[in-house]
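S.K.: TrEMBL feature annotations, pasted as is:
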| type | residues | note |
| --- | --- | --- |
| DOMAIN | 41-287 | domain 'G-protein coupled receptors family 1 profile' |
| TRANSMEM | 25-48 | transmembrane segment |
| TRANSMEM | 60-82 | transmembrane segment |
| TRANSMEM | 102-120 | transmembrane segment |
| TRANSMEM | 141-162 | transmembrane segment |
| TRANSMEM | 204-225 | transmembrane segment |
| TRANSMEM | 237-260 | transmembrane segment |
| TRANSMEM | 272-290 | transmembrane segment |
Amino acid sequence: MNGGNESTVSEFVLLGLFRSQNLQVLLFVIFLILYLLILSGNIVIMILITIDRHLHSPMYFLLANLSFVDIWLSSVTTPKMVIDFLREHKTISFEGCMSQVFFAHCIAAGEMVLLLVMAYDRYVAICKPLHYFTIMNLKRCTGLVLTSWTVGFVHALSQLVAVLQLPLCGPLEIDSFFCDMPLVIKLACTDSHDLDILMNADCGIVVVSCFIMLLISYTYILITVRRSSKAGASKALSTCTAHITVVMLLFLPCIFIYVWPLNITWLDKFLAVFYSVVTPLLNPAIYTLRNKEIKNALKRFKSYVMNHKVNT
């Protein structure tokens, strides 16, 4: 592939997180451990919510789905990044690159809508407690989760269709650890200004609209909490604080990458690592450390395992 000439694309070269070869083994160990923690932490939450009848409520049903989404959000990019730390020549096939573009946007957009659904769940629980189980029944919760996946799929498909129509020119080097829409657009042979605007607008519809609705929802919830009883307010405030923390961890990096890009390479890499690795890692910790029901369920699970070992 000659620089500047349009050609049939078979693969892309990934320049990686850092170019220093001295850091590769250390980064391999660090990110492998982080990825294993992401898998184990989120799987434990899913198992606890599934087997513990005390956690069979709408809020924990949605939390289990969030853990499921977090596993996939990290798995789109992290395993490839970890393997590439041990490779001198980092490449990804055209199909693999387009898969990363599609699934990264599908899962991230789906998680944003899911967080909005979780905010709605807390709104109903706090502002309409007597009607909570009537409104947030299993059928409605399932429908809302499916809606989040549908929004993510439609958003990602629109991104994929746009990038597939681009004529690409060599050298096909992507200065990151994975394929992402803004980075692939930079490889276009033609003026990509209009496509940049389209991408920012498309992402903005999902990211900014969800973010604004989340801020409004939690502001209304917090105002309602302040007027309620002290005991109930403390528990509700703790739950909402955890939710707001998760929202900030996911939305702020995405806003500065896709909606209001700063176009600073090292910062874009940092933000990408943050929402694809740090956020899925911190979500289980945030919910576990601040949630008594999850802590109690974990104790019951440990007790069950220990008793089972003694009996056998």
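Yeah, the Cβs are placed from backbone N, Cα and C, and that goes for glycine too.
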S.K.: Average the pLDDT scores across the domain 'G-protein coupled receptors family 1 profile' (41-287) and report the rounded value.
M.R.: 88
S.K.: Near the transmembrane segment (141-162), which residues from the same chain, at least 6 beyond its ends, have a CB less than 8 A from one of its CBs?
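M.R.: Apart from its flanks, the transmembrane segment (141-162) reaches 58, 61-62, 65, 98, 101-111, 113-114, 116-117, 120-121, 181, 195, 198-199, 202-203, 206.
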S.K.: So if I exclude everything within five residues of the ends of the transmembrane segment (60-82), which remaining residues of that chain have a CB under 8 angstroms from its CBs? That is, six or more out.
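M.R.: Sequence-distant neighbours of the transmembrane segment (60-82): 16-17, 28, 31-32, 34-35, 38-39, 42-43, 45-46, 49-50, 92, 96, 100, 103-104, 107-108, 110-111, 114-115, 117-118, 121, 138, 141, 145, 177-178, 246, 272, 275-277, 279-281, 283-284, 287, 293.
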